[in-house]
Amino acid sequence: MQRVNLSAASEFVFVGLSDAPEIRLLLFVLFLLIYLATMAGNITLLVAISTDSHLHSPMYFFLGNLSLLDLLCPTITVPKMLGALLLEHKEISFSDCLFQHFSLIAVVGTEIFILAVMAYDRYVAVCHPLRYPSIMSMTLCAQLALGTWATGLLNSLLHTSLVFTLSFCGPNRIQQYYCDIPPMLALSCSSTHSRELVILVVAGVLGSGTCMVTVVSYICILLEILARKSPGIWHKAFSTCGSHLAVVCLFYGTTICTYVRPSSTYSPHWDRVVSMLYGMLTPLLNPIIYSLRNKEVKCALKRVISHVRRAL
């Protein structure tokens, strides 16, 4: 098999979901509906947070960042997948693949950091309620948000440079519906051991660090609840933290299964299923989870809907 350098390759071919012609139209309709519902849910949540003065607090500021990330994540991958399903346009150029890879890793990485920051915010709200306004000032919130986005971009730049300087053997057929780390490493015919080790170490350090912040925050919250022994604090803490904890478990579980493991365990069919969870279902479920578990968000959404009805 002839070795082809990536810089000379003009395009790649997706052979993920579009290789099942008998259910292609059904998949197109299903994923289109999921994508439209995801866009509608997150845009509505963003409008509610930005227009309702009751939601102008650090918690909802970070939730707005999460909703923005949930808008970007499926937008990076789903339109191309829909085109492959409906029009059988499976090719993607080298530059588009690189941009898609960089954008997706940046969004996923930033979301991990945002979830850790949100856990710290909940810790301050429950354990230091009187000092919460002074600790979580808007200046600190802006710095934390800017730091998470910058770290996500730098992390993606590192991973993209490691993956897109490999050599590949033709035909360049990607066993996935977008350009991601595992299928690109599996596609390479050059040695990926050292780069894979760097990717695992970086992902492990950043992932374990953010996970540690989240776990420690919730341990402190639990200890604070047990120490107060107040009947009403359990309900208040659960309503405050339950939504975020559900989102954290869903997102961390799927991303760890995808990225924190060696490429020798890569399975195209399993990875496509897992990538659907964090790439499409998680952005769809996040606004639903926060809306169902949070009275303030539900009231804000009702006010937005009533304003829209009056405008129409």
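Cβ coordinates are placed from backbone N, Cα and C, and glycine is handled just like the others.
Summarising the annotation, TrEMBL assigns domain 'G-protein coupled receptors family 1 profile' to 41-290. What TrEMBL lists as transmembrane segment is 25-48, 60-78, 98-120, 132-154, 197-225, 237-261, 273-292.
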Averaged over the domain 'G-protein coupled receptors family 1 profile' (41-290), what pLDDT does the prediction give?
82
Intrachain neighbours beyond the transmembrane segment (98-120), with Cβ under 8 angstroms and 6 or more residues off its ends:
59, 62-63, 65-66, 69-70, 72-73, 76-77, 80, 92, 144-145, 147-149, 151-153, 155-157, 159-160, 163-164, 178-181, 184, 206-207, 209-211, 213-214, 217-218, 244, 247-248, 251-252, 255, 278
Long-range Cβ neighbours of the transmembrane segment (60-78) (under 8 Å; 6 or more residues past either end):
31, 35, 38-39, 42-43, 45-46, 49-50, 100, 103-104, 107-108, 110-111, 114-115, 117-118, 121, 138, 141, 144-145, 148, 177-178, 247, 279-280, 282-283, 286-287, 290, 296-297
